[in-house]
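Trainee: Quick one: this structure, given as C-alpha coordinates, is what I'll be asking you about.
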Amino acid sequence: MGPFDFAAAAAAASSSSSSSGSAPKHPPDLDGLLAGAGYKVRSSELHHVAQRLERLETAMVNSASHIPHLASDAVHYNPSDLASWVDSMLSELPHSSSLPSGFPDPYPTALGCGWLDPCAPQPHQNVVVPQQQQQQLTVVAALEEDSGIRLVHALMTCAESVQRGDSSLARSLVEEMQALLARVNTSCGIGKVAGYFIDALSRRLLGLGSAPAWTYENEVLYHHFYEACPYLKFAHFTANQAILEAFDGHDCVHVIDFNLMHGLQWPALIQALALRAGGPPLLRLTGIGPPSPDGRDTLRQIGLRLKELARSVNVQFTFRGVVASRLEDVKPWMLPVSPKEAVAVNSIMQLHKLLGSDPNRDPPIGSVLPWIRSLNPKIMTVVEQEASHNQTGFLDRFTEALYYYSTLFDSLEAACPVQPDKALAEMYLQREICNIVCCEGTARLERHEPLDKWRARLGEAGFTPLNLGSNAFKQASMLLTLFSAEGYSVEENEGCLTLGWHSRPLIAASAWQAVPSVVNSPTGVINPNDNNNQL
(Lines of atoms letter the chains of each structure in order from A; the text may use other names.)
(Lines give C-alpha, C1' and ligand atoms only; values in the text may rest on other atoms or scores of the structure.)
Protein backbone atom coordinates (compact mmCIF):
# COMPACT_ATOMS: atom_id res chain seq x y z
CA MET A 1 0.00 0.00 0.00
CA GLY A 2 1.23 3.44 -0.87
CA PRO A 3 2.72 5.69 1.81
CA PHE A 4 2.25 9.41 2.29
CA ASP A 5 2.75 11.09 -1.09
CA PHE A 6 6.20 12.67 -0.69
CA ALA A 7 6.13 13.50 -4.40
CA ALA A 8 3.58 16.25 -4.03
CA ALA A 9 4.60 17.20 -0.50
CA ALA A 10 8.27 17.62 -1.33
CA ALA A 11 7.49 19.48 -4.54
CA ALA A 12 5.27 21.90 -2.67
CA ALA A 13 7.67 22.31 0.21
CA SER A 14 10.75 22.93 -1.89
CA SER A 15 8.95 25.53 -3.99
CA SER A 16 7.79 27.70 -1.08
CA SER A 17 9.79 30.67 0.07
CA SER A 18 11.58 30.51 3.39
CA SER A 19 11.42 34.25 4.03
CA SER A 20 8.62 35.31 6.36
CA GLY A 21 5.69 37.11 4.81
CA SER A 22 6.37 35.88 1.29
CA ALA A 23 3.56 34.16 -0.53
CA PRO A 24 4.04 30.45 -1.15
CA LYS A 25 4.88 29.56 -4.72
CA HIS A 26 3.89 26.27 -6.26
CA PRO A 27 5.28 24.48 -9.29
CA PRO A 28 2.90 24.63 -12.26
CA ASP A 29 2.37 20.86 -12.23
CA LEU A 30 1.47 20.53 -8.52
CA ASP A 31 -2.27 20.66 -9.21
CA GLY A 32 -1.70 17.85 -11.70
CA LEU A 33 0.18 15.79 -9.12
CA LEU A 34 -2.68 16.18 -6.68
CA ALA A 35 -5.31 15.34 -9.27
CA GLY A 36 -3.32 12.33 -10.39
CA ALA A 37 -3.25 11.08 -6.80
CA GLY A 38 -7.06 11.43 -6.73
CA TYR A 39 -7.48 14.51 -4.51
CA LYS A 40 -9.89 17.37 -5.05
CA VAL A 41 -7.69 20.06 -3.60
CA ARG A 42 -5.71 22.82 -5.29
CA SER A 43 -2.20 23.84 -4.40
CA SER A 44 -3.53 27.23 -3.27
CA GLU A 45 -5.58 25.45 -0.60
CA LEU A 46 -2.76 23.40 0.90
CA HIS A 47 -1.67 25.94 3.49
CA HIS A 48 -5.29 26.18 4.63
CA VAL A 49 -5.60 22.38 4.87
CA ALA A 50 -2.41 22.06 6.92
CA GLN A 51 -3.56 24.72 9.36
CA ARG A 52 -7.03 23.24 9.72
CA LEU A 53 -5.61 19.79 10.39
CA GLU A 54 -3.58 21.15 13.29
CA ARG A 55 -6.72 22.90 14.54
CA LEU A 56 -8.67 19.65 14.20
CA GLU A 57 -6.07 17.80 16.24
CA THR A 58 -6.27 20.36 19.03
CA ALA A 59 -10.06 20.31 18.97
CA MET A 60 -10.23 16.52 19.13
CA VAL A 61 -7.76 16.33 22.01
CA ASN A 62 -9.47 19.10 23.98
CA SER A 63 -13.06 18.04 23.23
CA ALA A 64 -13.00 14.29 23.87
CA SER A 65 -16.55 14.35 25.24
CA HIS A 66 -17.83 15.47 21.84
CA ILE A 67 -15.96 12.84 19.83
CA PRO A 68 -18.82 10.27 19.74
CA HIS A 69 -20.89 12.86 17.90
CA LEU A 70 -18.57 12.39 14.91
CA ALA A 71 -19.25 8.66 14.51
CA SER A 72 -20.93 7.67 11.25
CA ASP A 73 -21.58 4.53 9.26
CA ALA A 74 -18.15 4.61 7.65
CA VAL A 75 -14.68 5.80 8.45
CA HIS A 76 -13.19 7.45 5.36
CA TYR A 77 -9.57 6.57 4.68
CA ASN A 78 -8.04 8.73 1.95
CA PRO A 79 -10.90 11.26 1.56
CA SER A 80 -10.48 12.86 -1.85
CA ASP A 81 -11.97 16.30 -1.06
CA LEU A 82 -9.54 17.20 1.72
CA ALA A 83 -10.50 20.81 2.33
CA SER A 84 -14.22 20.05 2.61
CA TRP A 85 -13.58 16.99 4.78
CA VAL A 86 -11.50 18.92 7.31
CA ASP A 87 -13.97 21.80 7.43
CA SER A 88 -16.91 19.44 7.91
CA MET A 89 -15.11 17.72 10.79
CA LEU A 90 -14.38 21.07 12.43
CA SER A 91 -17.97 22.22 12.00
CA GLU A 92 -19.18 19.30 14.11
CA LEU A 93 -16.89 20.24 17.02
CA PRO A 94 -17.29 23.11 19.47
CA HIS A 95 -15.35 26.28 18.69
CA SER A 96 -11.72 25.33 19.22
CA SER A 97 -8.71 27.26 20.27
CA SER A 98 -6.55 29.11 17.81
CA LEU A 99 -4.08 27.34 15.54
CA PRO A 100 -1.22 25.83 17.56
CA SER A 101 2.24 27.05 16.78
CA GLY A 102 3.93 23.87 15.54
CA PHE A 103 6.38 25.30 13.00
CA PRO A 104 6.61 28.97 12.04
CA ASP A 105 5.31 29.73 8.56
CA PRO A 106 4.98 26.02 7.64
CA TYR A 107 5.57 24.85 4.12
CA PRO A 108 2.34 24.26 2.20
CA THR A 109 1.69 20.55 2.08
CA ALA A 110 0.19 18.25 -0.50
CA LEU A 111 -1.42 15.09 0.78
CA GLY A 112 -1.25 11.86 -1.11
CA CYS A 113 -1.68 8.14 -1.22
CA GLY A 114 -1.18 7.47 2.48
CA TRP A 115 -3.90 9.73 3.90
CA LEU A 116 -4.62 8.81 7.52
CA ASP A 117 -3.01 5.38 7.48
CA PRO A 118 -0.11 4.68 5.08
CA CYS A 119 -1.11 1.01 5.06
CA ALA A 120 -4.81 1.76 4.46
CA PRO A 121 -6.82 1.26 1.24
CA GLN A 122 -6.29 3.47 -1.81
CA PRO A 123 -8.16 6.77 -2.39
CA HIS A 124 -11.94 6.67 -2.82
CA GLN A 125 -12.26 3.40 -0.90
CA ASN A 126 -14.50 3.36 2.18
CA VAL A 127 -14.12 0.82 4.95
CA VAL A 128 -17.05 0.06 7.25
CA VAL A 129 -15.91 -0.76 10.77
CA PRO A 130 -17.87 -1.60 13.93
CA GLN A 131 -19.46 1.37 15.65
CA GLN A 132 -17.38 0.99 18.82
CA GLN A 133 -14.11 1.31 16.88
CA GLN A 134 -14.98 4.43 14.91
CA GLN A 135 -14.11 6.93 17.62
CA GLN A 136 -10.67 5.41 18.19
CA LEU A 137 -9.88 5.11 14.47
CA THR A 138 -10.91 8.67 13.72
CA VAL A 139 -8.82 10.21 16.49
CA VAL A 140 -5.72 8.06 15.93
CA ALA A 141 -5.83 8.46 12.15
CA ALA A 142 -6.21 12.23 12.29
CA LEU A 143 -3.39 12.61 14.81
CA GLU A 144 -1.09 10.35 12.78
CA GLU A 145 -1.74 12.21 9.55
CA ASP A 146 -1.16 15.54 11.24
CA SER A 147 2.16 14.21 12.57
CA GLY A 148 3.01 13.05 9.06
CA ILE A 149 2.38 16.52 7.67
CA ARG A 150 4.56 18.06 10.35
CA LEU A 151 7.31 15.55 9.57
CA VAL A 152 7.43 16.62 5.93
CA HIS A 153 7.41 20.30 6.93
CA ALA A 154 10.23 19.71 9.39
CA LEU A 155 12.30 17.60 6.98
CA MET A 156 12.24 20.32 4.34
CA THR A 157 12.87 23.09 6.89
CA CYS A 158 15.78 21.11 8.33
CA ALA A 159 17.29 20.54 4.87
CA GLU A 160 17.03 24.25 4.14
CA SER A 161 18.69 25.02 7.48
CA VAL A 162 21.55 22.66 6.60
CA GLN A 163 21.98 24.42 3.26
CA ARG A 164 22.11 27.80 5.03
CA GLY A 165 24.61 26.47 7.57
CA ASP A 166 22.22 26.95 10.50
CA SER A 167 23.24 23.83 12.42
CA SER A 168 21.55 24.92 15.64
CA LEU A 169 18.10 25.11 14.04
CA ALA A 170 18.74 21.88 12.12
CA ARG A 171 19.60 19.99 15.34
CA SER A 172 16.50 21.35 17.04
CA LEU A 173 14.33 20.19 14.14
CA VAL A 174 15.91 16.73 14.20
CA GLU A 175 14.93 16.41 17.87
CA GLU A 176 11.35 17.52 17.10
CA MET A 177 11.12 15.05 14.21
CA GLN A 178 12.37 12.19 16.37
CA ALA A 179 9.55 12.98 18.80
CA LEU A 180 7.02 13.08 15.96
CA LEU A 181 8.13 9.64 14.78
CA ALA A 182 6.68 8.20 17.97
CA ARG A 183 3.23 9.28 16.73
CA VAL A 184 3.28 7.65 13.30
CA ASN A 185 3.51 4.12 11.97
CA THR A 186 7.21 3.52 11.31
CA SER A 187 6.70 0.08 9.77
CA CYS A 188 5.64 1.54 6.43
CA GLY A 189 4.77 4.77 4.67
CA ILE A 190 5.83 8.17 5.86
CA GLY A 191 7.15 6.95 9.21
CA LYS A 192 9.61 4.50 7.66
CA VAL A 193 10.98 6.78 4.93
CA ALA A 194 11.09 9.86 7.14
CA GLY A 195 12.92 7.85 9.79
CA TYR A 196 15.72 7.03 7.33
CA PHE A 197 16.08 10.66 6.26
CA ILE A 198 16.00 11.92 9.85
CA ASP A 199 18.75 9.45 10.74
CA ALA A 200 20.80 10.62 7.75
CA LEU A 201 20.37 14.29 8.72
CA SER A 202 21.40 13.47 12.29
CA ARG A 203 24.54 11.68 11.09
CA ARG A 204 25.43 14.63 8.87
CA LEU A 205 25.04 17.10 11.74
CA LEU A 206 27.18 14.86 13.97
CA GLY A 207 29.82 14.49 11.25
CA LEU A 208 29.53 10.70 11.16
CA GLY A 209 29.32 10.25 7.40
CA SER A 210 28.13 6.98 5.88
CA ALA A 211 29.38 3.42 5.47
CA PRO A 212 31.71 2.68 2.53
CA ALA A 213 29.69 2.00 -0.60
CA TRP A 214 31.74 -0.85 -2.07
CA THR A 215 32.25 -3.49 0.62
CA TYR A 216 31.60 -7.18 1.03
CA GLU A 217 28.81 -6.38 3.51
CA ASN A 218 27.12 -4.25 0.88
CA GLU A 219 27.29 -7.21 -1.51
CA VAL A 220 25.18 -9.23 0.94
CA LEU A 221 22.59 -6.44 1.14
CA TYR A 222 22.68 -6.14 -2.66
CA HIS A 223 21.73 -9.81 -2.92
CA HIS A 224 18.66 -9.29 -0.74
CA PHE A 225 17.65 -6.20 -2.72
CA TYR A 226 17.93 -8.36 -5.84
CA GLU A 227 15.54 -10.92 -4.33
CA ALA A 228 13.06 -8.43 -2.92
CA CYS A 229 11.99 -6.48 -6.00
CA PRO A 230 12.34 -6.47 -9.80
CA TYR A 231 14.81 -3.59 -10.28
CA LEU A 232 18.07 -5.53 -10.37
CA LYS A 233 16.47 -8.44 -12.20
CA PHE A 234 15.28 -5.96 -14.82
CA ALA A 235 18.81 -4.58 -15.07
CA HIS A 236 20.36 -8.03 -15.46
CA PHE A 237 17.81 -9.44 -17.90
CA THR A 238 17.82 -6.34 -20.09
CA ALA A 239 21.61 -6.15 -20.22
CA ASN A 240 21.92 -9.88 -20.88
CA GLN A 241 19.52 -9.73 -23.82
CA ALA A 242 21.48 -6.85 -25.37
CA ILE A 243 24.80 -8.65 -24.82
CA LEU A 244 23.41 -11.89 -26.27
CA GLU A 245 22.35 -10.10 -29.44
CA ALA A 246 25.69 -8.27 -29.73
CA PHE A 247 27.57 -11.60 -29.48
CA ASP A 248 25.58 -13.17 -32.31
CA GLY A 249 27.98 -14.65 -34.88
CA HIS A 250 31.08 -14.42 -32.66
CA ASP A 251 32.92 -17.56 -31.54
CA CYS A 252 35.02 -15.91 -28.84
CA VAL A 253 33.33 -13.46 -26.46
CA HIS A 254 34.50 -11.57 -23.37
CA VAL A 255 32.32 -9.89 -20.72
CA ILE A 256 33.89 -7.34 -18.35
CA ASP A 257 31.59 -6.84 -15.35
CA PHE A 258 32.25 -3.68 -13.35
CA ASN A 259 30.51 -5.08 -10.25
CA LEU A 260 30.40 -8.88 -10.05
CA MET A 261 28.22 -9.04 -6.90
CA HIS A 262 28.07 -12.82 -6.39
CA GLY A 263 27.83 -13.34 -10.15
CA LEU A 264 24.03 -13.16 -10.00
CA GLN A 265 23.72 -11.85 -13.55
CA TRP A 266 25.67 -14.50 -15.42
CA PRO A 267 24.03 -17.94 -15.03
CA ALA A 268 21.19 -16.78 -17.30
CA LEU A 269 23.61 -15.58 -19.98
CA ILE A 270 25.65 -18.80 -19.81
CA GLN A 271 22.48 -20.85 -20.31
CA ALA A 272 21.34 -18.63 -23.19
CA LEU A 273 24.70 -18.98 -24.94
CA ALA A 274 24.52 -22.77 -24.47
CA LEU A 275 21.31 -22.82 -26.51
CA ARG A 276 22.63 -20.60 -29.30
CA ALA A 277 22.12 -21.93 -32.83
CA GLY A 278 25.39 -23.31 -34.15
CA GLY A 279 26.75 -23.99 -30.69
CA PRO A 280 28.01 -21.83 -27.82
CA PRO A 281 31.06 -19.56 -28.12
CA LEU A 282 34.12 -19.56 -25.91
CA LEU A 283 33.10 -17.28 -23.05
CA ARG A 284 35.54 -15.28 -20.95
CA LEU A 285 34.31 -13.32 -17.92
CA THR A 286 36.32 -10.69 -16.04
CA GLY A 287 34.64 -9.74 -12.77
CA ILE A 288 35.59 -6.73 -10.64
CA GLY A 289 34.80 -6.72 -6.93
CA PRO A 290 35.97 -5.51 -3.50
CA PRO A 291 38.36 -7.43 -1.24
CA SER A 292 36.77 -9.82 1.24
CA PRO A 293 37.00 -8.72 4.89
CA ASP A 294 38.03 -12.18 6.08
CA GLY A 295 40.81 -12.63 3.54
CA ARG A 296 38.97 -15.29 1.53
CA ASP A 297 39.33 -15.28 -2.23
CA THR A 298 35.64 -14.61 -2.83
CA LEU A 299 36.00 -13.71 -6.49
CA ARG A 300 37.72 -17.01 -7.21
CA GLN A 301 34.94 -18.92 -5.43
CA ILE A 302 32.33 -17.16 -7.54
CA GLY A 303 34.32 -17.94 -10.66
CA LEU A 304 34.54 -21.63 -9.75
CA ARG A 305 30.77 -21.85 -9.30
CA LEU A 306 30.16 -20.19 -12.66
CA LYS A 307 32.73 -22.45 -14.31
CA GLU A 308 30.96 -25.53 -12.95
CA LEU A 309 27.64 -24.26 -14.30
CA ALA A 310 29.20 -23.58 -17.71
CA ARG A 311 30.72 -27.06 -17.78
CA SER A 312 27.32 -28.61 -17.06
CA VAL A 313 25.82 -26.95 -20.17
CA ASN A 314 28.89 -27.47 -22.39
CA VAL A 315 30.06 -23.84 -22.56
CA GLN A 316 33.83 -23.30 -22.62
CA PHE A 317 34.42 -20.76 -19.87
CA THR A 318 37.31 -18.91 -18.26
CA PHE A 319 37.13 -16.44 -15.40
CA ARG A 320 39.43 -13.71 -14.15
CA GLY A 321 38.82 -11.76 -10.94
CA VAL A 322 40.05 -8.21 -10.42
CA VAL A 323 40.10 -7.01 -6.80
CA ALA A 324 39.57 -3.26 -6.40
CA SER A 325 38.02 -1.20 -3.62
CA ARG A 326 36.85 1.41 -6.15
CA LEU A 327 36.14 1.21 -9.84
CA GLU A 328 38.44 4.15 -10.48
CA ASP A 329 41.34 2.06 -9.12
CA VAL A 330 41.01 -0.37 -12.04
CA LYS A 331 43.53 0.24 -14.83
CA PRO A 332 43.40 -0.94 -18.45
CA TRP A 333 46.32 -3.33 -18.02
CA MET A 334 44.21 -5.27 -15.51
CA LEU A 335 41.70 -6.05 -18.26
CA PRO A 336 43.62 -7.71 -21.09
CA VAL A 337 41.52 -8.33 -24.21
CA SER A 338 42.24 -10.17 -27.42
CA PRO A 339 41.65 -8.75 -30.91
CA LYS A 340 39.74 -11.95 -31.69
CA GLU A 341 37.20 -11.34 -28.92
CA ALA A 342 33.87 -9.55 -29.07
CA VAL A 343 33.98 -7.52 -25.87
CA ALA A 344 31.00 -6.46 -23.73
CA VAL A 345 31.42 -4.03 -20.83
CA ASN A 346 28.66 -4.27 -18.24
CA SER A 347 27.98 -1.49 -15.72
CA ILE A 348 25.01 -1.94 -13.38
CA MET A 349 24.60 1.19 -11.25
CA GLN A 350 28.32 1.93 -11.11
CA LEU A 351 29.19 4.87 -13.37
CA HIS A 352 27.49 7.46 -11.14
CA LYS A 353 30.09 6.69 -8.46
CA LEU A 354 32.73 8.23 -10.73
CA LEU A 355 31.16 11.71 -10.81
CA GLY A 356 32.59 13.09 -7.56
CA SER A 357 35.35 15.68 -7.56
CA ASP A 358 37.29 17.95 -5.23
CA PRO A 359 39.65 20.91 -5.69
CA ASN A 360 42.56 18.53 -6.25
CA ARG A 361 41.10 16.32 -8.96
CA ASP A 362 38.52 16.09 -11.71
CA PRO A 363 35.73 13.48 -11.64
CA PRO A 364 37.21 10.03 -12.40
CA ILE A 365 34.56 9.46 -15.06
CA GLY A 366 36.68 11.65 -17.33
CA SER A 367 39.54 9.15 -17.28
CA VAL A 368 37.55 5.91 -17.03
CA LEU A 369 35.37 6.38 -20.12
CA PRO A 370 38.38 6.84 -22.45
CA TRP A 371 40.01 3.58 -21.36
CA ILE A 372 36.68 1.78 -21.70
CA ARG A 373 36.55 3.09 -25.24
CA SER A 374 40.15 1.90 -25.79
CA LEU A 375 38.94 -1.67 -25.19
CA ASN A 376 36.81 -1.22 -28.32
CA PRO A 377 33.78 -2.99 -26.85
CA LYS A 378 31.17 -4.39 -29.18
CA ILE A 379 28.63 -3.22 -26.60
CA MET A 380 28.57 -1.43 -23.26
CA THR A 381 25.43 -1.95 -21.19
CA VAL A 382 24.65 0.78 -18.67
CA VAL A 383 21.91 0.73 -16.03
CA GLU A 384 21.55 3.73 -13.73
CA GLN A 385 19.04 5.15 -11.29
CA GLU A 386 16.69 7.57 -13.04
CA ALA A 387 17.15 10.38 -10.54
CA SER A 388 18.90 13.71 -9.99
CA HIS A 389 21.01 13.29 -6.86
CA ASN A 390 24.10 15.10 -8.11
CA GLN A 391 23.01 18.70 -7.59
CA THR A 392 25.38 20.99 -5.75
CA GLY A 393 22.52 22.57 -3.78
CA PHE A 394 21.72 20.44 -0.73
CA LEU A 395 18.00 21.32 -0.57
CA ASP A 396 17.40 20.36 -4.21
CA ARG A 397 19.29 17.10 -3.76
CA PHE A 398 17.45 16.31 -0.53
CA THR A 399 14.05 17.05 -2.05
CA GLU A 400 14.70 14.87 -5.10
CA ALA A 401 15.98 12.03 -2.90
CA LEU A 402 12.93 12.26 -0.64
CA TYR A 403 10.66 12.00 -3.68
CA TYR A 404 12.67 9.20 -5.31
CA TYR A 405 13.11 6.94 -2.30
CA SER A 406 9.54 7.36 -1.05
CA THR A 407 8.43 5.99 -4.43
CA LEU A 408 11.00 3.20 -4.27
CA PHE A 409 9.96 2.18 -0.76
CA ASP A 410 6.32 2.30 -1.83
CA SER A 411 7.05 -0.24 -4.58
CA LEU A 412 9.14 -2.40 -2.24
CA GLU A 413 6.29 -2.49 0.28
CA ALA A 414 3.95 -3.81 -2.42
CA ALA A 415 6.40 -6.26 -4.00
CA CYS A 416 7.98 -7.86 -0.94
CA PRO A 417 5.83 -8.34 2.17
CA VAL A 418 8.13 -11.14 3.39
CA GLN A 419 11.06 -10.81 5.78
CA PRO A 420 14.09 -10.98 5.88
CA ASP A 421 14.68 -10.00 2.25
CA LYS A 422 12.58 -6.87 2.69
CA ALA A 423 14.35 -5.69 5.84
CA LEU A 424 17.81 -6.20 4.34
CA ALA A 425 16.76 -4.65 1.02
CA GLU A 426 15.61 -1.60 2.96
CA MET A 427 18.99 -1.49 4.69
CA TYR A 428 20.65 -1.45 1.27
CA LEU A 429 18.55 1.57 0.26
CA GLN A 430 19.10 3.23 3.62
CA ARG A 431 22.85 3.23 2.93
CA GLU A 432 22.25 5.03 -0.36
CA ILE A 433 20.09 7.64 1.39
CA CYS A 434 22.74 8.13 4.05
CA ASN A 435 25.47 8.70 1.47
CA ILE A 436 23.37 11.21 -0.49
CA VAL A 437 22.43 13.20 2.62
CA CYS A 438 25.53 12.83 4.84
CA CYS A 439 28.46 13.14 2.47
CA GLU A 440 30.08 15.74 0.27
CA GLY A 441 33.09 15.78 -2.04
CA THR A 442 34.67 12.48 -3.00
CA ALA A 443 32.93 10.70 -0.11
CA ARG A 444 29.55 11.23 -1.80
CA LEU A 445 29.37 8.37 -4.29
CA GLU A 446 25.61 8.07 -4.87
CA ARG A 447 25.51 10.81 -7.52
CA HIS A 448 22.63 9.51 -9.60
CA GLU A 449 21.83 11.37 -12.80
CA PRO A 450 18.97 10.96 -15.29
CA LEU A 451 19.18 9.26 -18.66
CA ASP A 452 19.41 12.50 -20.64
CA LYS A 453 22.64 13.47 -18.87
CA TRP A 454 24.16 10.04 -19.48
CA ARG A 455 23.27 10.28 -23.15
CA ALA A 456 25.13 13.57 -23.42
CA ARG A 457 28.14 12.41 -21.39
CA LEU A 458 28.60 9.10 -23.21
CA GLY A 459 28.12 10.76 -26.58
CA GLU A 460 30.87 13.28 -25.80
CA ALA A 461 33.14 10.41 -24.71
CA GLY A 462 32.92 8.70 -28.10
CA PHE A 463 30.05 6.23 -27.69
CA THR A 464 27.05 5.84 -29.96
CA PRO A 465 23.71 4.52 -28.67
CA LEU A 466 22.38 1.08 -29.56
CA ASN A 467 18.65 0.47 -29.45
CA LEU A 468 17.46 -2.10 -26.97
CA GLY A 469 15.24 -4.20 -29.21
CA SER A 470 11.78 -5.65 -28.84
CA ASN A 471 13.21 -8.81 -27.25
CA ALA A 472 14.61 -6.82 -24.34
CA PHE A 473 11.24 -5.11 -23.88
CA LYS A 474 9.46 -8.48 -23.90
CA GLN A 475 11.94 -9.91 -21.38
CA ALA A 476 11.37 -7.00 -19.04
CA SER A 477 7.60 -7.18 -19.38
CA MET A 478 7.61 -10.92 -18.69
CA LEU A 479 9.73 -10.33 -15.61
CA LEU A 480 7.03 -8.14 -14.09
CA THR A 481 4.53 -11.01 -14.30
CA LEU A 482 6.60 -12.73 -11.57
CA PHE A 483 5.60 -9.97 -9.15
CA SER A 484 1.99 -9.85 -8.01
CA ALA A 485 2.08 -6.13 -7.18
CA GLU A 486 0.39 -3.89 -9.70
CA GLY A 487 2.03 -0.57 -10.43
CA TYR A 488 5.32 -1.56 -12.09
CA SER A 489 5.68 -0.44 -15.69
CA VAL A 490 8.30 -0.79 -18.43
CA GLU A 491 8.57 2.07 -20.91
CA GLU A 492 10.62 2.61 -24.07
CA ASN A 493 12.56 5.87 -24.20
CA GLU A 494 14.35 6.58 -27.49
CA GLY A 495 15.87 3.11 -27.69
CA CYS A 496 16.36 2.76 -23.93
CA LEU A 497 14.12 1.06 -21.37
CA THR A 498 12.95 2.36 -18.00
CA LEU A 499 11.32 0.51 -15.13
CA GLY A 500 9.14 2.56 -12.84
CA TRP A 501 6.45 2.52 -10.21
CA HIS A 502 3.18 4.01 -11.43
CA SER A 503 4.12 7.20 -13.30
CA ARG A 504 7.67 7.55 -11.94
CA PRO A 505 10.64 5.94 -13.81
CA LEU A 506 13.15 4.65 -11.26
CA ILE A 507 15.92 2.98 -13.26
CA ALA A 508 16.99 3.25 -16.90
CA ALA A 509 18.84 0.73 -19.09
CA SER A 510 20.78 1.71 -22.20
CA ALA A 511 23.33 0.16 -24.58
CA TRP A 512 26.30 1.78 -26.31
CA GLN A 513 29.01 1.04 -28.83
CA ALA A 514 32.46 2.59 -28.89
CA VAL A 515 33.30 4.73 -31.90
CA PRO A 516 36.47 3.12 -33.36
CA SER A 517 39.62 4.99 -32.42
CA VAL A 518 43.35 4.35 -32.39
CA VAL A 519 44.44 4.38 -28.75
CA ASN A 520 47.66 2.92 -27.43
CA SER A 521 46.99 1.48 -23.98
CA PRO A 522 49.01 -0.98 -21.90
CA THR A 523 47.06 -4.22 -21.91
CA GLY A 524 47.92 -7.86 -21.51
CA VAL A 525 50.29 -7.33 -18.55
CA ILE A 526 49.33 -9.18 -15.37
CA ASN A 527 50.88 -8.31 -12.05
CA PRO A 528 51.28 -11.58 -10.09
CA ASN A 529 50.90 -9.69 -6.82
CA ASP A 530 47.60 -7.96 -7.54
CA ASN A 531 45.41 -10.84 -6.26
CA ASN A 532 43.69 -11.18 -9.61
CA ASN A 533 42.57 -14.68 -10.49
CA GLN A 534 42.60 -16.55 -13.76
CA LEU A 535 40.56 -19.75 -13.97
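Every residue gets a Cβ built from N, Cα and C, even glycine.
Heads up, TrEMBL stuff is auto-annotated, nobody curated it.
Pasting the feature list from TrEMBL:
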DOMAIN    31-96  domain 'Transcriptional factor DELLA N-terminal'
REGION    222-287  region 'VHIID'
MOTIF     253-257  motif 'VHIID'
REGION    301-333  region 'Leucine repeat II (LRII)'
MOTIF     351-355  motif 'LXXLL motif'
REGION    438-513  region 'SAW'
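Quick one: where do these features end up spatially?
Mentor: Beyond the ends of the motif 'VHIID' (253-257), by six or more residues, the same chain brings 243, 247, 265-266, 269, 273, 281-288, 335, 337-338, 341-346, 375, 377 to within a C-beta distance below 8 angstroms of the stretch.
Secondary structure counts, DSSP: the region 'Leucine repeat II (LRII)' (301-333) has 17 helix, 7 strand, 9 coil.
Helix, strand and coil counts under DSSP for the motif 'LXXLL motif' (351-355) come to 4 helix, 0 strand, 1 coil.
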Trainee: What same-chain residues lie close to the motif 'LXXLL motif' (351-355): Cβ under 8 Å, and 6 or more beyond its ends?
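Mentor: 213-214, 326-328, 363-365, 368, 382, 384-385, 390, 445-449, 454.
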Trainee: Which numbers of helix, strand and coil residues does DSSP report for the region 'VHIID' (222-287)?
Mentor: 35 helix, 12 strand, 19 coil
Trainee: Any idea what the model's mean pLDDT is for the region 'Leucine repeat II (LRII)' (301-333)?
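Mentor: Residues in the region 'Leucine repeat II (LRII)' (301-333) carry a mean pLDDT of 95 in this prediction.
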